[in-house]
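Novice: Pasting the feature list from Swiss-Prot:
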- 1-33: signal peptide (SIGNAL)
- 60-273: domain 'ATLF-like' (DOMAIN)
- 294-349: region 'Catalytic CA1' (REGION)
- 350-489: region 'Catalytic CB' (REGION)
- H351: active site, proton acceptor (ACT_SITE)
- 490-622: region 'Catalytic CA2' (REGION)
- D491, D493, H577: Mg(2+) binding site (BINDING)
- T548, H577, G578, T579: 3',5'-cyclic AMP binding site (BINDING)
- 623-800: region 'Interaction with calmodulin' (REGION)
Amino acid sequence: MTRNKFIPNKFSIISFSVLLFAISSSQAIEVNAMNEHYTESDIKRNHKTEKNKTEKEKFKDSINNLVKTEFTNETLDKIQQTQDLLKKIPKDVLEIYSELGGEIYFTDIDLVEHKELQDLSEEEKNSMNSRGEKVPFASRFVFEKKRETPKLIINIKDYAINSEQSKEVYYEIGKGISLDIISKDKSLDPEFLNLIKSLSDDSDSSDLLFSQKFKEKLELNNKSIDINFIKENLTEFQHAFSLAFSYYFAPDHRTVLELYAPDMFEYMNKLEKGGFEKISESLKKEGVEKDRIDVLKGEKALKASGLVPEHADAFKKIARELNTYILFRPVNKLATNLIKSGVATKGLNVHGKSSDWGPVAGYIPFDQDLSKKHGQQLAVEKGNLENKKSITEHEGEIGKIPLKLDHLRIEELKENGIILKGKKEIDNGKKYYLLESNNQVYEFRISDENNEVQYKTKEGKITVLGEKFNWRNIEVMAKNVEGVLKPLTADYDLFALAPSLTEIKKQIPQKEWDKVVNTPNSLEKQKGVTNLLIKYGIERKPDSTKGTLSNWQKQMLDRLNEAVKYTGYTGGDVVNHGTEQDNEEFPEKDNEIFIINPEGEFILTKNWEMTGRFIEKNITGKDYLYYFNRSYNKIAPGNKAYIEWTDPITKAKINTIPTSAEFIKNLSSIRRSSNVGVYKDSGDKDEFAKKESVKKIAGYLSDYYNSANHIFSQEKKRKISIFRGIQAYNEIENVLKSKQIAPEYKNYFQYLKERITNQVQLLLTHQKSNIEFKLLYKQLNFTENETDNFEVFQKIIDEK
């Protein structure tokens, strides 16, 4: 069996003559003249050579992006014959196909069994071939699946000896690109439209390119082609284009098109000489527009963020200095001026929710029925318990105080339509002003004497907890700042911090770094760098007051808080805990994220998808350290939220392979439910830690998901992850083959093996490697030492 390898050749082969100078004593040629002539020729030759290299590289890139090979027993000759079909069409056609999101499969699997064709409808299976015939699907050797993105499946054959079959392949390729050229969403090319009209007047041309059904429709419509006729007969227009495409590019059929449909031949000739390139460029431009990230920038972004402008200006200096992206969750805009005035912000020791209505808006009411959870019995009960718990457990640090509103705050709430200042009333000789809101349960008033706000239940109304009461002070949660209890409002929640890798490297002691980088063994060096980045950049530890953070994240929080205090803020800290990246218990999904980039620019994304795309384009796609919340794409253990997040690199759900901790947790869960260990007759409670295979798998999974791999170059930075994934796969294979494994675990390990296969294949594809995962696995020898095996692995990947 030949080695399963797809080797792209040149798109076109240009013959070059090398000038040979035969200089003899009888030739009267000046040396300088000869040198001048040689230099000019050499420049031209080198220019052509470079151009040829560029064409070859472009063709190779087009192939790598498009073609997937699937075969087990075909010869390299047949693969080459199949590949040669693509060499006969311009690279721009392949680029059009690529821009449409298309894929091409070379396979020796029968089309009826191919995975990409299992969801075809009967109508799709009976689509026309190039002769306008509906043939049995089982007899197809090439098929174009038309959905949102085209997929072309081609059986590996010796197409060089069968011109009809090669023409059929070109017809199906033509169908793929016709999805864009002739689309219901686009205006038909006027030149092509006029061409169809002229072809309908020529019997030879129409007989060659139109189906009988289409010719009859044209006759019934008096050969009048308007927008409605095009929409009703889109498939027929696409068929005519695809058929002309096949005649033009199938070498043995080109003269037929030139003889019987010369106008169409000329049209195809124009496309080949520049038309396809224009279409490709147009699609690329559309792709840029489609991928454009819709954001607010500058002052608009800042205003929409809710951050105090002076604080944001202080933060951007830090972002510049530390070459770090600082991402914030949106701040309650009713809290912005409170923070600016010196109101304290809540940390992790207060779990009550803030309010977004009535006079308490922006604060955290002790009575949670005044919060944004108003009217929700369970949430109010839980919030009230949380507030009481905070005061009890953090006595002296957390308390409650009466709510006071000054004139400026009342005016701000009035401007936002939250309250209205109503009529004056006298109660026990004291003057109050009613504060009107849209609430149906409570009435509010403010004391003219001390600005304290009170509330009571309206006549005939009861609270969600079944209470009814007269005027009482509204109390809000407060924090002790330098001996004074200050009311609390929402803090600045960090969504993420993404420092440059050079900043993380500064955290590593120079002696430790030098010891690792001077290691001669490349794999050991990469492992060493990875371990240093884990230790100093990624390793995070729980903190009782700030949540889960790494050392550099703690330093960043200190820098941010000091910068705010320098602006004159007197409320203590404004950033009180770690990022949303580590909020795995109670994750939250925000439509808007405020970003300060390392250039000090303000940016606000407008939806969750745009946030992901921004991170992909500007952070994970460059040399910045970033990791995702591991609770995404699963039910969070705390608030039971399900938040979907797609990995910008692999385009896959990020939890497709478990982490080391999740792997052990899954095994423990099976053990608890079955009361059986991984291995038969195992009564050892600590077997997970002692069994070598389980330890190895856990270690490989830990290395696989290590964000520190981003320290390496773009070309190599995913290689370690791929290699670790393959190592985990191999160890799982060993476990499954073992006769000692308990049957209760077999399904889990099989499932895990499939997950690894799928995700590693995605990484291979992103690496632009043409090799299939299982084929790569077979070429590695796991009985060799790890370093030698890794070198073999790198060589295979680089060749592909």
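From the backbone N, Cα and C atoms, a Cβ is placed for every residue, glycine too.
Here the structure is a predicted model, which means the values were calculated and not measured.
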Novice: Using a 10 Å cut-off, grab the number of neighbouring Cβ atoms around the Cβ of D491 (Mg(2+) binding site), all chains included.
Specialist: 22
Novice: Looking at the recorded positions H351, D491, D493, whose Cα is closest in space to that of G578 (3',5'-cyclic AMP binding site)?
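Specialist: Result: the closest of the recorded positions to G578 (3',5'-cyclic AMP binding site) is D493.
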Novice: For the region 'Catalytic CA2' (490-622), jot down how many residues DSSP puts in helix, in strand and in coil.
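Specialist: Secondary-structure breakdown of the region 'Catalytic CA2' (490-622): 62 helix, 21 strand, 50 coil.
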Novice: For the recorded positions listed here (H351, H577), which one has the lowest count of neighbouring CB atoms within 10 Å of its own CB?
Specialist: H351
Novice: Just to be sure I understand, if DSSP states are collapsed into helix, strand and coil, how many residues of the region 'Catalytic CB' (350-489) fall in each?
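Specialist: Residue counts in helix, strand and coil order: 29 helix, 50 strand, 61 coil.
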Novice: Take the C-alpha atoms of H351 (active site, proton acceptor) and D491 (Mg(2+) binding site) and report the distance between them in angstrom, rounded.
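Specialist: Distance (Cα to Cα, whole Å): 12 Å.
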Novice: Give me the Cα-Cα distance between T548 (3',5'-cyclic AMP binding site) and H577 (Mg(2+) binding site), rounded to a whole Å.
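Specialist: Each residue's Cα considered, T548 (3',5'-cyclic AMP binding site) and H577 (Mg(2+) binding site) end up 8 Å apart.
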Novice: Same chain, not part of T548, H577, G578, T579: whose C-beta falls within 8 angstroms of the C-beta centre of the 3',5'-cyclic AMP site? Give them in sequence order.
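Specialist: Leaving out the recorded residues gives L494, R540, K546, G547, L549, Q553, E580, Q581, D582, N583.
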Novice: In the predicted model, what is the mean pLDDT computed over the region 'Interaction with calmodulin' (623-800)?
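Specialist: Taking every residue in the region 'Interaction with calmodulin' (623-800) and averaging pLDDT yields 73.
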Novice: Using the recorded Mg(2+) site (D491, D493, H577) as reference, state which further residues of the same chain have their Cβ within 8 Å of the centre of those residues' Cβ atoms, listed in sequence order.
Specialist: T345, K346, G347, L348, A490, Y492, L494, V575, N576
Novice: Could you work out which of the binding-site residues (T548, T579) has its C-beta surrounded by the smallest number of other C-beta atoms within 10 A?
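Specialist: Sparsest of the binding-site residues T548, T579 by Cβ contacts within 10 Å: T548.
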Novice: Using Cα coordinates, what distance in whole Å links T579 (3',5'-cyclic AMP binding site) and D491 (Mg(2+) binding site)?
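Specialist: A Cα-Cα distance of 12 Å.
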Novice: In sequence order, which same-chain residues at least six apart have a C-beta under 8 angstroms from D493 (Mg(2+) binding site)?
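Specialist: Set apart from D493 (Mg(2+) binding site) by at least 6 residues yet with Cβ under 8 Å, we have F328, R329, V331, H577, E580.
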Novice: Using DSSP, how many residues in the region 'Catalytic CA1' (294-349) fall into helix, strand and coil?
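Specialist: Computed counts for the region 'Catalytic CA1' (294-349) are 29 helix, 10 strand, 17 coil.
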Novice: For the 3',5'-cyclic AMP site made of T548, H577, G578, T579, how many Å separate the two farthest Cα atoms?
Specialist: 8
Novice: Determine the Cβ neighbour count for G578 (3',5'-cyclic AMP binding site): the number of other Cβ atoms within 10 Å of its Cβ.
Specialist: 24
